[in-house]
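Taken from Swiss-Prot, the feature ATP binding site covers G35, L36, N37, G38, A39, G40, K41, T42, and the record attributes it to sequence analysis. The annotation domain 'ABC transporter' is assigned in Swiss-Prot to 3-243.
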Amino acid sequence: MILQLDNVSLKRNGKWILKDIHWKVEEKENWVLYGLNGAGKTALLNMLCSYYFPTSGEMQVLGHEFGKTELGEKLRRKIGLVSAALQQKLYPADSAFEIALSGAYASIGLYETPSKETREKAIGLLEDLGAIEYADRRYETLSQGEKQRALIARALMADPELLILDEPVTGLDFIAREKLLDTITYIANKENAPSILYVTHHAEEILPVFDKALLLKQGEVFGSGEIKEMLTDQILSAFFDTPIHVLWNQDRPFLTRAEPITNA
C-alpha cells in the first residue's frame with residue numbers, strides 16, 4: 001500500500017484546511033489529485049511529505065504511520081517530488097547535472113563528493129529524460145521545460161516508491177507541455193516505475209496512464225474512483241457548480257462549458 005488516510009482533517013491557524021479525508025492508494029496505482037486553486041491540494045501534499053501532521057484521523061504513507069513512527073527525512077527519501085516550491089529553493093548557479101545529483105541525498109545543493117556510481121546514475125537519468133544536452137548548463141539559464149526535466153531526474157535519483165508531480169507543466173507552451181507529458185507517460189510505463197501522483201487543475205493534462213482520480217473541493221473529498229467514472233458531465237458539473245461537458249480524445253479529457261457564460 002502506498003498511502004491510506006482515514007477520516008483525516010487538518011487545522012492551520014485556527015482554520016480547517018482539510019476535512020474528513022478518506023483515501024487509499026495501492027501499489028502500482030497512478031492517481032490524479034484534481035481540484036481548483038484553494039481546494040487544499042498543497043496542504044494535502046505537505047501532509048503526505050510529513051511537513052504537516054493531521055489534526056485528527058489516521059494516516060499511513062509508505063508503511064509509516066503518522067504519530068507512531070519517526071518520519072521526516074526517512075519518509076521523504078522514499079518520495080520523489082517535483083513542485084514549484086522546490087524549484088524556488090534550488091541554487092540557480094547549480095548545473096542541471098548537480099541538481100539531478102542532489103536527489104541522491106535529498107539535499108538542496110551538493111555537500112559531499114558523489115561516487116562514480118551516483119554520477120553515472122544521474123547521467124543515465126538525464127539521458128533517459130532527454131536532458132543530457134544541457135546537463136552542464138546553469139539551472140537559471142534553462143527554459144521551464146528543461147528545468148522540469150532536471151527536477152524529474154532529481155526526483156528519480158533515490159528510486160522513490162512514490163513520485164509526486166505537482167502541476168509540472170504550469171508555464172509551458174503547448175509543444176513543451178505535450179513533450180513533458182510524453183515523458184511522464186514514458187516514466188509511468190517503465191518496468192519498476194514508482195506510483196505517480198499527478199496534481200493539477202487542468203483536466204486536459206490527465207493522461208491514459210493514470211488509473212484513478214481524487215476530486216478535492218474546499219478541503220473535502222468530492223469524489224474518488226476510476227478516471228472515467230469521476231470525469232463525467234454530471235459529476236464535474238456539480239464539482240464546478242456550472243454545466244460542464246467532457247470530450248474524450250485519445251483517452252484524454254477536455255472540458256467545455258455546456259452553456260455559454262452570461263452576464264449576471
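Using N, Cα and C of the backbone, Cβ positions are placed for all residues, glycine too.
Ranked by how many other Cβ atoms sit within 10 Å of their Cβ, the binding-site residues G35, G38, G40 place G38 at the bottom. Comparing the binding-site residues N37, A39, T42 by how many other C-beta atoms lie within 10 angstroms of each C-beta, the top residue is A39. For the ATP site, the Cβ centre of G35, L36, N37, G38, A39, G40, K41, T42 serves as reference, and the other residues of the chain with Cβ at most 8 Å from it are H201, L216.
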